[in-house]
């Protein structure tokens, strides 16, 4: 015990430095170090911190101070738990000698025979204080030893039940006696009564601190034992014990890793190193070798069992099972490999740092788990959209690709936000205070992000107003082209010269946009057919009628008799409204339009049934060919712009060589 006494002074200084919150209030009773006995000298600062924080919590009336002190108490208890477990069952005070307990029991018997109730109560309190100290030391030793051996949770249950049974003590009669002595203000208590009061308070304070530490330690090891079940099931504790029990391992641990207080041998043994390395290599091998093999085996077996009748079609298009396997592979194979490596690192670290606090390392690894889960979810979202979006759009024609992209982007955003909030809470930040502070800084954040927010609402406006979809041909003041994507921030347009235009959604939502694809039936064909002057007007009228009849009979030209039921299910009582609303045009006009400078003009105005550009060009070409054929069949000719020039000689008479001059004067 003498060797442990010098360690108390630096330990106390370290405890006060690390836990300044443990300093009691000026009016609060102070827990004395001697009240804790000599159970764990190097942990007395932490035990004192728990005791003094309990006393301050019991005396404070301010809710904010109580919450702050409760949080500090939880932090101190957590630090104390890790300090206890890091000893691996070593470093605690030795058991009390049997003759010491016998002496205390004899003191109780002697006081009882003498009939001195005060002396008897003092002796009983001192005996139970010694039993409490010894039971607490035994509890810490057992829990720390079982912890380092990966003991199952049942072992910890037995240790704590034994502690509660051994320390069961009815304090009520002693408390009543002390209350009567303290309430008796008329007379000053005698020395024996003062000793009784002091012994009772010493025992009560010690019991409260030990009970608080025991409950905190029990919850800590119960939670940790669940995570150690895999190591216990794998026989890690047996492996470590077997290796360290070998004579050569004992000599190696003693020579290379000597178990002195200032050496790593106090912390890590050869068995731990071998077990950690073996577990790391095994889990890493599973991630890098076994997972791809299992995936290849599953790829060979699953499609045959799932849909054997689709073997022929599977060569041309992936089956549902193949698509699902591809989704799993592309989404989870990479994260699973890294996850197994992280698990290997975590479990190896858990084995190596059993006797010391690996809190920081494990905290970082836990945060990496969250990052891996987020990465896997983001890959799952992207791959699901990539593999299933076309199938969904085919099955549900009313579902828009922009809506799918918008929902996927919002889902990705929410996953990242919730992950960041979880990580902040994991590293000790108060999320509620952070969210409350957003109300104060919300104006500044909104001002800084106003463009981003405006673009997000612009995206919602574009989708809600159904301005355009992916693949639509649109015209904007900044150019025209095909819509590639409508993102949260911008709309991407591929121009016809194969460039890309990025337009902010807030800007697109506020400008005029011409959408050439927003029509279901009818693309306009309009041109003028000019006939020569001097044509027979009866033949001109017949040509007009023939062209009109040809267009009405043309299978690719829309007219009033064209069926529109396949384009809209609305009743066509209000024809104009329905036609304009759904983009249906069936107007057909063929009339003598004007007497031009050099031709008799016939206006041809109609709509092709197709709205596709190439199909429209083919229909327009066919209509022009047929119109030319009708003109020729009626003995007429198509006019072209021309001028006739008349020349006069000096006498004012026209030249006789009219033919030559006409030929010279003609211009086309």
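Glycine too: its Cβ is placed from the backbone N, Cα and C atoms.
What TrEMBL says about this protein:
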- 1-25: signal peptide (SIGNAL)
- 273-295: transmembrane segment (TRANSMEM)
- 336-355: transmembrane segment (TRANSMEM)
- 361-382: transmembrane segment (TRANSMEM)
- 403-425: transmembrane segment (TRANSMEM)
- 452-518: domain 'Mechanosensitive ion channel MscS' (DOMAIN)
- 525-638: domain 'Mechanosensitive ion channel MscS C-terminal' (DOMAIN)
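Over the domain 'Mechanosensitive ion channel MscS' (452-518) the predicted model carries a mean pLDDT of 85. Beyond the transmembrane segment (273-295), the same-chain residues lying 6 or more positions past its ends with a Cβ under 8 Å from any Cβ of the stretch are 231, 234, 236, 239-240, 243, 325, 328-329, 333, 336-341, 343-345, 347-349, 351-352. Helix, strand and coil content of the domain 'Mechanosensitive ion channel MscS' (452-518), in residues and according to DSSP, is 18 helix, 25 strand, 24 coil. Per DSSP, the domain 'Mechanosensitive ion channel MscS C-terminal' (525-638) is made up of 46 helix, 27 strand, 41 coil.
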